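Q: The domain 'EGF-like' feature in TrEMBL is assigned to 135-165, 176-212, 227-259, 273-304. The transmembrane segment annotation in TrEMBL covers 321-345.
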Amino acid sequence: MRTKPIGPNALDRTVWWKVDLGGVYNIYSVSILFKNYDGYDSRQRGRFAGFSLFISNTEDRDSSSLCYKDGQELPPLNFSTTCTLFGRYVIFYNERLDGVAYPAEYVTNVYTELCEVTVYGCSKPGIYGKSCNLPCPTNCRYRTCHIENGSCFNCAAGYRGILCKTECPHGWYGVDCKQQCSGHCRDSISCNHVTGQCDGGCAAGWHDSFCKKECDDGAYGYGCVKHCSGYCLNDTPCNKETGHCDIGCAPGYINAFCSQTCNNYYGEDCLYPCSPLCVNQTCDRFNGTCLTACKNESFGDKCIYIAKYLPSKSKDTEEGALTVGLSISLGFNVILIFAASFLLWRHYRKMHHWTLQLCWKSPIYEISEHIGGQEQTYQELNLKENQRQNATNT
């Protein structure tokens with residue numbers, strides 16, 4: 001096989017060639033026989049100088065593993081290298097890039113001429129050893145392992161370690177155990193260490209295979225199959241795990257789920273009792289308005305009490321109140337009479353100041369010396385009777 005030239009005087013600067021093994025195999029070595037011309041051994045070696053070999057599971061060289069990179073010395077035309085890797089594709093690559101200083105022995109303008117490429121390894125997938133008769137560890141990725149010692153190049157998803165016998169730790173899964181579980185599997189168990197799915201279902205409030213999605217507003221519980229009551233305060237959604245209305249209920253509803261209507265009560269948290277004057281004491285659970293009608297002698301939407309329906313007092317309370325009232329009234333009347341008597345007494349004193357003299361010194365008990373020759377015509381007076389009479393007539 002001969003390719004087009006690469007180099008400063010050619011159209012291309014790189015060249016590649018690959019072979020498909022038809023499957024992923026454990027590889028031990030790669031041999032290449034380059035074309036030789038009699039007397040041109042150095043030129044041919046200079047043309048091949050600087051080449052690389054890659055092993056890959058895909059046709060993309062960028063995602064492959066480097067098997068060999070040529071150095072300063074020129075390669076032999078019958079080349080062989082140990083390459084204990086695994087893969088499906090063997091890729092040959094060479095280049096002569098502008099602006100790169102290559103060793104003097106390198107030929108600038110290159111023709112690639114490959115006569116034969118031989119890949120050595122185990123012809124069956126999943127085995128290793130000199131006789132290719134030992135199975136690779138079960139959890140090696142692609143069932144491939146080091147062809148000499150059987151160690152895994154990579155582990156299958158969910159495992160780690162040289163022989164890939166150790167499962168991912170709690171909360172982790174996938175290739176190299178680098179992916180983290182959602183943390184929302186039911187009963188706080190770990191997700192599947194291989195797939196990352198919650199095999200036992202999701203915790204309350206979450207759904208989908210990986211339990212990474214919260215319930216939609218209005219739904220809650222395991223599998224998000226339960227529906228909120230719809231009566232949480234301010235139309236807020238209920239708790240997606242429990243279904244409770246964490247901030248309270250809309251007026252007219254009660255309990256943790258706000259699913260129970262008020263009975264003979266109304267308002268937020270059913271705190272206010274319906275009026276007892278509503279017929280059957282039933283009222284609108286939102287605003288307290290009587291649903292049917294009011295009892296007699298009550299009025300308004302909420303059947304407000306009038307005086308007759310004010311709460312009555314007990315008999316003992318009424319008797320006590322009556323006794324106190326009479327006592328207060330009697331005392332007040334006594335004080336009023338005393339005050340009136342005092343005022344009358346002061347007035348009488350001004351008009352009859354002599355009445356305060358002692359009885360035995362009063363002129364009514366003496367014979368007047370100023371009336372000459374006349375007999376007494378005065379009668380003895382009872383001052384106490386006159387005082388009471390004056391008080392009565394005034």
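Backbone N, Cα and C atoms are what each Cβ position is placed from, and that goes for glycine too.
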Q: Would you mind listing the long-range same-chain contacts of the domain 'EGF-like' (135-165), meaning Cβ under 8 Å and 6+ residues beyond its ends?
A: 24-28, 57, 84-86, 121-122, 125-129, 173-177, 192-195
Q: Using DSSP, what's the helix, strand and coil tally for the domain 'EGF-like' (227-259)?
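A: Breakdown, helix to coil: 3 helix, 5 strand, 25 coil.
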Q: Summarise the domain 'EGF-like' (135-165) as counts of helix, strand and coil residues per DSSP.
A: 3 helix, 7 strand, 21 coil
Q: If you average pLDDT over the domain 'EGF-like' (273-304), what do you get?
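A: So the average pLDDT across the domain 'EGF-like' (273-304) works out to 79.
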